[in-house]
Amino acid sequence: MSTNNNNVVIVGAGIVALTTALVLSKHEDLSITLVAKHMPGDYDIEYASPWAGANYFPVGAPGSNLQKFEKATWGELDRICREVPEAGIHHQHTVIYGRKKDVGTATGDWFKELIREDAWFKDVVPNFRILPKSELPPDCDTGTSFTSVCINTAVFLPYLLGQCVKQGVTIKRGILSHISEAASHHTSGTASVILNCTGLSASKLGGVMDPSVYPGRGQIVLVRNEPGVMVTVSGTDDGSEEATYIMQRAVGGGTILGGCLQHNSWESQPDPNLAQRIMERSIDLCPALAPKTGKVSELSIVRHGVGLRPMRKGGPRVEREKIGDTWVVHSYGHAGYGYQSSFGSAWEAEKLVGEILKEKAKL
Ligand code: FAD
(Lines of atoms letter the chains of each structure in order from A; the text may use other names.)
(Lines give C-alpha, C1' and ligand atoms only; values in the text may rest on other atoms or scores of the structure.)
Protein backbone atom coordinates (compact mmCIF):
# COMPACT_ATOMS: atom_id res chain seq x y z
CA MET A 1 0.00 0.00 0.00
CA SER A 2 2.24 2.82 -1.17
CA THR A 3 1.33 6.51 -1.42
CA ASN A 4 2.51 9.90 -0.20
CA ASN A 5 0.33 10.01 2.88
CA ASN A 6 -0.31 6.64 4.49
CA ASN A 7 -1.90 8.01 7.64
CA VAL A 8 -5.02 6.12 8.66
CA VAL A 9 -7.41 6.88 11.54
CA ILE A 10 -9.77 4.18 12.80
CA VAL A 11 -12.76 5.37 14.82
CA GLY A 12 -13.98 2.81 17.37
CA ALA A 13 -12.50 0.12 19.62
CA GLY A 14 -15.12 -2.60 19.38
CA ILE A 15 -14.56 -5.97 17.74
CA VAL A 16 -14.94 -4.46 14.25
CA ALA A 17 -12.42 -1.65 14.80
CA LEU A 18 -9.86 -3.83 16.61
CA THR A 19 -9.81 -6.60 14.00
CA THR A 20 -9.66 -3.97 11.24
CA ALA A 21 -6.78 -2.21 12.99
CA LEU A 22 -4.92 -5.49 13.44
CA VAL A 23 -5.36 -6.50 9.79
CA LEU A 24 -4.26 -3.05 8.54
CA SER A 25 -1.32 -2.96 10.94
CA LYS A 26 0.34 -5.81 9.02
CA HIS A 27 1.04 -3.22 6.30
CA GLU A 28 4.23 -1.68 7.61
CA ASP A 29 3.94 1.43 5.44
CA LEU A 30 0.68 2.50 7.12
CA SER A 31 0.70 4.80 10.13
CA ILE A 32 -2.42 4.00 12.14
CA THR A 33 -4.12 5.86 14.97
CA LEU A 34 -7.21 4.39 16.63
CA VAL A 35 -9.50 6.78 18.48
CA ALA A 36 -12.57 5.80 20.47
CA LYS A 37 -14.93 6.90 23.21
CA HIS A 38 -14.97 3.40 24.75
CA MET A 39 -12.08 0.95 25.07
CA PRO A 40 -11.70 -2.70 26.10
CA GLY A 41 -12.32 -2.85 29.85
CA ASP A 42 -15.31 -0.45 29.68
CA TYR A 43 -18.89 -1.64 30.12
CA ASP A 44 -21.34 0.84 28.60
CA ILE A 45 -24.64 0.72 26.77
CA GLU A 46 -23.00 2.55 23.83
CA TYR A 47 -20.38 -0.20 23.50
CA ALA A 48 -21.82 -3.52 22.26
CA SER A 49 -18.73 -5.68 22.04
CA PRO A 50 -18.12 -6.59 25.73
CA TRP A 51 -21.71 -7.81 26.11
CA ALA A 52 -21.59 -10.40 23.33
CA GLY A 53 -21.55 -14.13 24.13
CA ALA A 54 -19.67 -14.45 21.89
CA ASN A 55 -19.87 -17.36 19.53
CA TYR A 56 -19.85 -18.31 15.85
CA PHE A 57 -23.46 -18.98 14.82
CA PRO A 58 -23.65 -18.09 11.10
CA VAL A 59 -26.89 -16.40 10.04
CA GLY A 60 -26.01 -14.72 6.72
CA ALA A 61 -28.28 -15.57 3.78
CA PRO A 62 -26.51 -17.34 0.91
CA GLY A 63 -25.10 -14.79 -1.53
CA SER A 64 -25.11 -11.93 1.00
CA ASN A 65 -22.05 -9.96 2.07
CA LEU A 66 -22.68 -11.16 5.60
CA GLN A 67 -22.40 -14.79 4.50
CA LYS A 68 -19.15 -13.94 2.70
CA PHE A 69 -17.75 -12.30 5.85
CA GLU A 70 -18.88 -15.12 8.14
CA LYS A 71 -17.45 -17.79 5.86
CA ALA A 72 -14.12 -15.96 5.68
CA THR A 73 -13.94 -15.42 9.45
CA TRP A 74 -14.24 -19.05 10.57
CA GLY A 75 -10.70 -20.06 9.62
CA GLU A 76 -9.09 -17.26 11.63
CA LEU A 77 -11.19 -17.87 14.77
CA ASP A 78 -10.41 -21.58 14.48
CA ARG A 79 -6.68 -20.83 14.06
CA ILE A 80 -6.64 -18.54 17.11
CA CYS A 81 -8.40 -21.27 19.12
CA ARG A 82 -5.74 -23.79 18.20
CA GLU A 83 -2.63 -21.62 18.24
CA VAL A 84 -3.25 -18.70 20.64
CA PRO A 85 -4.83 -19.98 23.88
CA GLU A 86 -4.15 -16.68 25.67
CA ALA A 87 -6.58 -14.92 23.29
CA GLY A 88 -9.52 -16.40 25.20
CA ILE A 89 -11.31 -18.45 22.52
CA HIS A 90 -12.12 -22.15 22.72
CA HIS A 91 -13.91 -24.78 20.67
CA GLN A 92 -17.31 -25.87 21.90
CA HIS A 93 -19.58 -28.77 21.06
CA THR A 94 -22.70 -27.01 19.78
CA VAL A 95 -26.35 -28.01 19.45
CA ILE A 96 -28.96 -25.92 17.58
CA TYR A 97 -32.69 -26.67 17.87
CA GLY A 98 -35.38 -25.23 15.59
CA ARG A 99 -39.11 -24.93 16.13
CA LYS A 100 -41.48 -24.53 13.16
CA LYS A 101 -43.66 -22.20 15.19
CA ASP A 102 -40.85 -19.62 15.37
CA VAL A 103 -40.93 -18.99 11.61
CA GLY A 104 -41.64 -15.27 11.04
CA THR A 105 -40.89 -14.18 14.63
CA ALA A 106 -38.02 -11.80 15.48
CA THR A 107 -35.81 -14.63 16.72
CA GLY A 108 -37.04 -17.11 14.10
CA ASP A 109 -36.02 -14.71 11.31
CA TRP A 110 -32.66 -14.09 12.99
CA PHE A 111 -31.90 -17.83 13.19
CA LYS A 112 -33.43 -18.77 9.81
CA GLU A 113 -30.14 -19.86 8.23
CA LEU A 114 -28.60 -21.12 11.47
CA ILE A 115 -31.24 -23.79 12.11
CA ARG A 116 -31.31 -25.24 8.58
CA GLU A 117 -30.41 -28.90 8.34
CA ASP A 118 -28.84 -28.08 4.94
CA ALA A 119 -27.06 -24.99 6.33
CA TRP A 120 -24.50 -23.42 3.97
CA PHE A 121 -21.84 -23.64 6.69
CA LYS A 122 -22.12 -27.41 7.08
CA ASP A 123 -18.83 -27.78 5.21
CA VAL A 124 -17.17 -24.82 6.96
CA VAL A 125 -17.42 -25.84 10.63
CA PRO A 126 -16.22 -29.30 11.68
CA ASN A 127 -18.39 -32.26 12.73
CA PHE A 128 -21.70 -30.96 11.31
CA ARG A 129 -24.45 -33.53 11.94
CA ILE A 130 -28.24 -33.57 11.60
CA LEU A 131 -29.83 -34.80 14.81
CA PRO A 132 -32.40 -37.60 14.54
CA LYS A 133 -35.89 -36.97 16.00
CA SER A 134 -34.99 -39.18 18.98
CA GLU A 135 -32.36 -36.61 20.06
CA LEU A 136 -34.69 -33.57 19.90
CA PRO A 137 -36.57 -32.02 22.84
CA PRO A 138 -40.33 -32.69 22.51
CA ASP A 139 -41.24 -29.18 21.26
CA CYS A 140 -38.47 -28.96 18.65
CA ASP A 141 -38.74 -29.92 14.99
CA THR A 142 -35.13 -29.77 13.79
CA GLY A 143 -31.69 -30.12 15.28
CA THR A 144 -28.07 -30.00 14.21
CA SER A 145 -24.77 -30.23 16.03
CA PHE A 146 -21.28 -29.10 15.09
CA THR A 147 -18.08 -27.71 16.57
CA SER A 148 -18.10 -23.95 17.02
CA VAL A 149 -16.16 -21.46 19.15
CA CYS A 150 -16.97 -19.35 22.18
CA ILE A 151 -15.05 -16.15 22.84
CA ASN A 152 -14.37 -14.64 26.24
CA THR A 153 -14.83 -11.00 25.24
CA ALA A 154 -13.22 -9.77 28.48
CA VAL A 155 -9.99 -11.46 27.34
CA PHE A 156 -10.24 -11.29 23.54
CA LEU A 157 -10.81 -7.52 23.23
CA PRO A 158 -7.78 -6.58 25.38
CA TYR A 159 -5.79 -9.27 23.55
CA LEU A 160 -6.60 -7.62 20.20
CA LEU A 161 -5.80 -4.17 21.58
CA GLY A 162 -2.43 -5.46 22.80
CA GLN A 163 -1.68 -6.99 19.39
CA CYS A 164 -2.47 -3.65 17.72
CA VAL A 165 -0.15 -1.80 20.11
CA LYS A 166 2.58 -4.38 19.44
CA GLN A 167 2.15 -3.72 15.71
CA GLY A 168 2.66 0.02 16.23
CA VAL A 169 -0.94 1.28 16.25
CA THR A 170 -1.37 4.44 18.38
CA ILE A 171 -4.41 4.27 20.68
CA LYS A 172 -6.27 7.39 21.87
CA ARG A 173 -9.47 8.20 23.72
CA GLY A 174 -11.67 10.75 21.99
CA ILE A 175 -15.26 11.61 21.19
CA LEU A 176 -16.15 12.74 17.69
CA SER A 177 -19.30 14.63 16.79
CA HIS A 178 -18.60 14.43 13.02
CA ILE A 179 -16.73 11.67 11.17
CA SER A 180 -14.52 14.23 9.38
CA GLU A 181 -13.00 15.28 12.73
CA ALA A 182 -11.22 11.91 12.73
CA ALA A 183 -8.69 13.13 10.16
CA SER A 184 -7.14 15.54 12.64
CA HIS A 185 -6.83 12.86 15.33
CA HIS A 186 -3.85 11.26 13.62
CA THR A 187 -0.79 11.65 15.82
CA SER A 188 1.52 12.71 12.97
CA GLY A 189 -0.50 14.93 10.66
CA THR A 190 -3.79 14.57 8.84
CA ALA A 191 -5.20 11.19 7.87
CA SER A 192 -5.78 10.34 4.24
CA VAL A 193 -8.25 7.55 5.06
CA ILE A 194 -10.73 7.25 7.93
CA LEU A 195 -12.24 3.94 9.02
CA ASN A 196 -15.69 4.38 10.52
CA CYS A 197 -16.25 1.46 12.94
CA THR A 198 -18.71 3.17 15.27
CA GLY A 199 -21.40 0.47 15.47
CA LEU A 200 -24.78 1.78 16.59
CA SER A 201 -23.43 5.34 16.78
CA ALA A 202 -23.40 5.40 12.98
CA SER A 203 -27.07 6.31 13.37
CA LYS A 204 -26.16 9.57 15.14
CA LEU A 205 -22.62 10.51 14.12
CA GLY A 206 -22.38 13.69 12.03
CA GLY A 207 -21.56 13.03 8.38
CA VAL A 208 -22.93 9.49 8.62
CA MET A 209 -26.36 9.58 10.36
CA ASP A 210 -27.44 6.32 8.72
CA PRO A 211 -31.24 6.04 9.19
CA SER A 212 -31.18 2.28 8.57
CA VAL A 213 -29.15 1.67 11.76
CA TYR A 214 -31.12 0.95 14.95
CA PRO A 215 -30.70 -0.98 18.24
CA GLY A 216 -31.49 -4.67 18.74
CA ARG A 217 -31.55 -5.02 22.49
CA GLY A 218 -30.03 -8.13 24.04
CA GLN A 219 -30.21 -9.07 27.72
CA ILE A 220 -27.96 -11.69 29.29
CA VAL A 221 -27.12 -13.27 32.64
CA LEU A 222 -23.51 -14.26 33.26
CA VAL A 223 -23.21 -17.21 35.67
CA ARG A 224 -20.43 -19.38 37.08
CA ASN A 225 -22.31 -22.65 36.42
CA GLU A 226 -21.04 -24.90 33.63
CA PRO A 227 -23.45 -26.24 30.96
CA GLY A 228 -21.13 -28.72 29.21
CA VAL A 229 -22.56 -27.78 25.78
CA MET A 230 -23.25 -24.65 23.73
CA VAL A 231 -26.93 -24.77 22.87
CA THR A 232 -29.65 -22.61 21.30
CA VAL A 233 -33.35 -22.82 20.47
CA SER A 234 -34.89 -20.64 17.74
CA GLY A 235 -37.59 -19.20 20.03
CA THR A 236 -39.66 -19.53 23.17
CA ASP A 237 -43.34 -19.42 24.11
CA ASP A 238 -42.73 -16.21 26.09
CA GLY A 239 -42.88 -13.74 23.20
CA SER A 240 -41.58 -13.50 19.66
CA GLU A 241 -38.46 -11.48 20.64
CA GLU A 242 -37.14 -14.02 23.15
CA ALA A 243 -34.81 -16.95 22.48
CA THR A 244 -32.69 -19.25 24.60
CA TYR A 245 -28.95 -19.57 24.17
CA ILE A 246 -26.26 -20.87 26.49
CA MET A 247 -22.53 -20.57 25.95
CA GLN A 248 -19.54 -21.11 28.17
CA ARG A 249 -16.76 -18.60 27.62
CA ALA A 250 -13.12 -19.69 27.48
CA VAL A 251 -10.57 -19.34 30.31
CA GLY A 252 -12.86 -18.83 33.30
CA GLY A 253 -15.17 -16.34 31.57
CA GLY A 254 -18.33 -17.93 32.99
CA THR A 255 -21.44 -18.92 31.08
CA ILE A 256 -23.67 -16.50 29.17
CA LEU A 257 -27.41 -17.20 29.38
CA GLY A 258 -29.56 -15.36 26.85
CA GLY A 259 -31.54 -13.82 25.60
CA CYS A 260 -33.67 -11.68 23.40
CA LEU A 261 -33.67 -9.55 20.27
CA GLN A 262 -35.83 -6.50 20.95
CA HIS A 263 -35.93 -4.34 17.85
CA ASN A 264 -35.71 -0.56 18.41
CA SER A 265 -35.39 -0.76 22.20
CA TRP A 266 -32.77 1.60 23.70
CA GLU A 267 -33.42 0.40 27.29
CA SER A 268 -30.08 0.04 29.08
CA GLN A 269 -31.29 -1.54 32.33
CA PRO A 270 -31.87 -5.30 32.79
CA ASP A 271 -35.51 -6.31 33.12
CA PRO A 272 -35.69 -8.58 36.22
CA ASN A 273 -38.71 -10.49 34.88
CA LEU A 274 -36.94 -11.22 31.63
CA ALA A 275 -33.83 -12.26 33.59
CA GLN A 276 -35.94 -14.75 35.55
CA ARG A 277 -37.40 -16.18 32.33
CA ILE A 278 -33.91 -16.45 30.78
CA MET A 279 -32.60 -18.39 33.78
CA GLU A 280 -35.64 -20.71 34.01
CA ARG A 281 -35.56 -21.46 30.27
CA SER A 282 -31.81 -22.11 30.39
CA ILE A 283 -32.19 -24.69 33.16
CA ASP A 284 -35.10 -26.36 31.32
CA LEU A 285 -32.96 -26.64 28.20
CA CYS A 286 -29.76 -27.59 30.00
CA PRO A 287 -30.40 -29.23 33.40
CA ALA A 288 -26.62 -29.60 33.87
CA LEU A 289 -26.62 -25.90 34.85
CA ALA A 290 -28.42 -26.70 38.11
CA PRO A 291 -27.82 -30.41 38.71
CA LYS A 292 -28.74 -30.50 42.42
CA THR A 293 -32.11 -28.71 42.53
CA GLY A 294 -33.03 -27.76 38.99
CA LYS A 295 -33.84 -24.31 40.38
CA VAL A 296 -32.74 -20.78 39.49
CA SER A 297 -31.42 -20.32 43.04
CA GLU A 298 -28.64 -22.79 42.16
CA LEU A 299 -27.27 -20.39 39.57
CA SER A 300 -24.28 -18.38 40.78
CA ILE A 301 -24.73 -14.98 39.12
CA VAL A 302 -21.72 -12.86 38.14
CA ARG A 303 -23.76 -10.06 36.57
CA HIS A 304 -26.84 -9.14 34.57
CA GLY A 305 -26.17 -7.30 31.35
CA VAL A 306 -27.74 -5.44 28.45
CA GLY A 307 -26.15 -4.71 25.11
CA LEU A 308 -27.53 -2.99 22.03
CA ARG A 309 -26.71 -4.80 18.80
CA PRO A 310 -25.96 -2.36 15.95
CA MET A 311 -28.72 -3.58 13.60
CA ARG A 312 -28.83 -2.33 10.02
CA LYS A 313 -31.55 -2.85 7.42
CA GLY A 314 -29.77 -4.49 4.50
CA GLY A 315 -26.92 -5.91 6.60
CA PRO A 316 -23.50 -4.58 7.57
CA ARG A 317 -22.15 -1.66 5.57
CA VAL A 318 -18.56 -2.18 4.49
CA GLU A 319 -17.98 0.32 1.72
CA ARG A 320 -16.12 3.50 0.83
CA GLU A 321 -17.53 7.02 0.62
CA LYS A 322 -15.89 10.41 0.14
CA ILE A 323 -17.06 12.74 2.91
CA GLY A 324 -15.77 16.29 2.44
CA ASP A 325 -12.21 15.90 1.13
CA THR A 326 -11.44 12.60 2.84
CA TRP A 327 -12.16 9.00 1.95
CA VAL A 328 -14.04 7.10 4.63
CA VAL A 329 -14.27 3.31 4.72
CA HIS A 330 -17.38 2.40 6.68
CA SER A 331 -17.63 -0.85 8.60
CA TYR A 332 -20.68 -0.84 10.85
CA GLY A 333 -24.11 -2.40 11.28
CA HIS A 334 -22.90 -5.87 12.34
CA ALA A 335 -26.00 -6.49 14.48
CA GLY A 336 -25.73 -9.85 16.32
CA TYR A 337 -22.81 -11.10 14.24
CA GLY A 338 -19.89 -8.72 14.81
CA TYR A 339 -17.53 -11.41 16.08
CA GLN A 340 -18.44 -14.14 13.63
CA SER A 341 -18.04 -11.73 10.68
CA SER A 342 -15.14 -9.72 12.14
CA PHE A 343 -12.09 -10.83 10.18
CA GLY A 344 -14.07 -11.15 6.93
CA SER A 345 -15.24 -7.55 7.34
CA ALA A 346 -11.73 -6.42 8.23
CA TRP A 347 -10.26 -8.00 5.09
CA GLU A 348 -12.94 -6.29 2.98
CA ALA A 349 -12.09 -2.94 4.62
CA GLU A 350 -8.39 -3.64 3.99
CA LYS A 351 -9.14 -4.15 0.29
CA LEU A 352 -11.01 -0.83 0.13
CA VAL A 353 -8.21 1.06 1.92
CA GLY A 354 -5.71 -0.46 -0.55
CA GLU A 355 -7.81 0.71 -3.52
CA ILE A 356 -8.07 4.25 -2.14
CA LEU A 357 -4.34 4.56 -1.44
CA LYS A 358 -3.47 3.17 -4.86
CA GLU A 359 -5.73 5.74 -6.55
CA LYS A 360 -4.24 8.55 -4.43
CA ALA A 361 -0.71 7.46 -5.33
CA LYS A 362 -1.55 7.89 -9.04
CA LEU A 363 -2.72 11.52 -8.56
P1 FAD B 1 -19.16 -1.50 19.31
O2 FAD B 1 -18.63 -2.65 20.05
O3 FAD B 1 -20.42 -0.90 19.84
O4 FAD B 1 -18.03 -0.41 19.27
C5 FAD B 1 -18.26 0.88 18.78
C6 FAD B 1 -17.00 1.70 19.06
O7 FAD B 1 -17.14 2.96 18.44
C8 FAD B 1 -16.78 1.97 20.54
O9 FAD B 1 -15.41 1.91 20.86
C10 FAD B 1 -17.30 3.38 20.71
O11 FAD B 1 -16.75 4.08 21.80
C12 FAD B 1 -16.85 3.97 19.39
N13 FAD B 1 -17.59 5.17 19.03
C14 FAD B 1 -18.88 5.25 18.65
N15 FAD B 1 -19.21 6.53 18.40
C16 FAD B 1 -18.09 7.26 18.62
C17 FAD B 1 -17.79 8.64 18.54
N18 FAD B 1 -18.71 9.53 18.16
N19 FAD B 1 -16.54 9.06 18.86
C20 FAD B 1 -15.60 8.16 19.24
N21 FAD B 1 -15.83 6.85 19.34
C22 FAD B 1 -17.06 6.41 19.03
N23 FAD B 1 -21.88 -11.25 17.82
C24 FAD B 1 -21.35 -12.43 17.44
O25 FAD B 1 -20.67 -12.52 16.43
N26 FAD B 1 -21.56 -13.56 18.20
C27 FAD B 1 -22.31 -13.54 19.34
O28 FAD B 1 -22.47 -14.56 20.01
C29 FAD B 1 -22.89 -12.31 19.75
N30 FAD B 1 -23.65 -12.24 20.87
C31 FAD B 1 -24.17 -11.03 21.25
C32 FAD B 1 -24.92 -10.97 22.43
C33 FAD B 1 -25.42 -9.76 22.87
C34 FAD B 1 -26.23 -9.71 24.13
C35 FAD B 1 -25.16 -8.58 22.13
C36 FAD B 1 -25.66 -7.25 22.60
C37 FAD B 1 -24.43 -8.64 20.96
C38 FAD B 1 -23.94 -9.87 20.49
N39 FAD B 1 -23.20 -9.97 19.31
C40 FAD B 1 -22.65 -11.16 18.94
C41 FAD B 1 -23.04 -8.81 18.42
C42 FAD B 1 -21.74 -8.07 18.63
O43 FAD B 1 -21.56 -7.77 19.99
C44 FAD B 1 -21.76 -6.79 17.80
O45 FAD B 1 -22.04 -7.08 16.45
C46 FAD B 1 -20.40 -6.11 17.87
O47 FAD B 1 -20.02 -5.91 19.20
C48 FAD B 1 -20.41 -4.77 17.14
O49 FAD B 1 -19.11 -4.28 17.23
P50 FAD B 1 -18.71 -2.84 16.74
O51 FAD B 1 -17.24 -2.76 16.86
O52 FAD B 1 -19.35 -2.55 15.43
O53 FAD B 1 -19.46 -1.84 17.77
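Each Cβ is built from the backbone N, Cα and C atoms, and glycine gets one as well.
TrEMBL labels come from automatic prediction, so no person has curated them.
A quick note: this is a predicted structure, and the numbers were derived from the prediction, not measured.
Database features (TrEMBL):
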type    : residues   : note
BINDING : T198       : FAD binding site
BINDING : Y245, G336 : D-dopa binding site
DOMAIN  : 8-348      : domain 'FAD dependent oxidoreductase'
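Shown on the structure are the features that TrEMBL records.
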{"residue": "T198", "record": "FAD binding site", "contacts (Cβ under 8 Å, 6+ apart)": "V11, G12, L205, V208, Y332"}
{"residue": "Y245", "record": "D-dopa binding site", "contacts (Cβ under 8 Å, 6+ apart)": "G53, V231, T232, V233, I256, L257, G258, G259"}
{"residue": "G336", "record": "D-dopa binding site", "contacts (Cβ under 8 Å, 6+ apart)": "V59, W110, G216, G218, L261, R309"}
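Within the model, the domain 'FAD dependent oxidoreductase' (8-348) carries an average pLDDT of 97.
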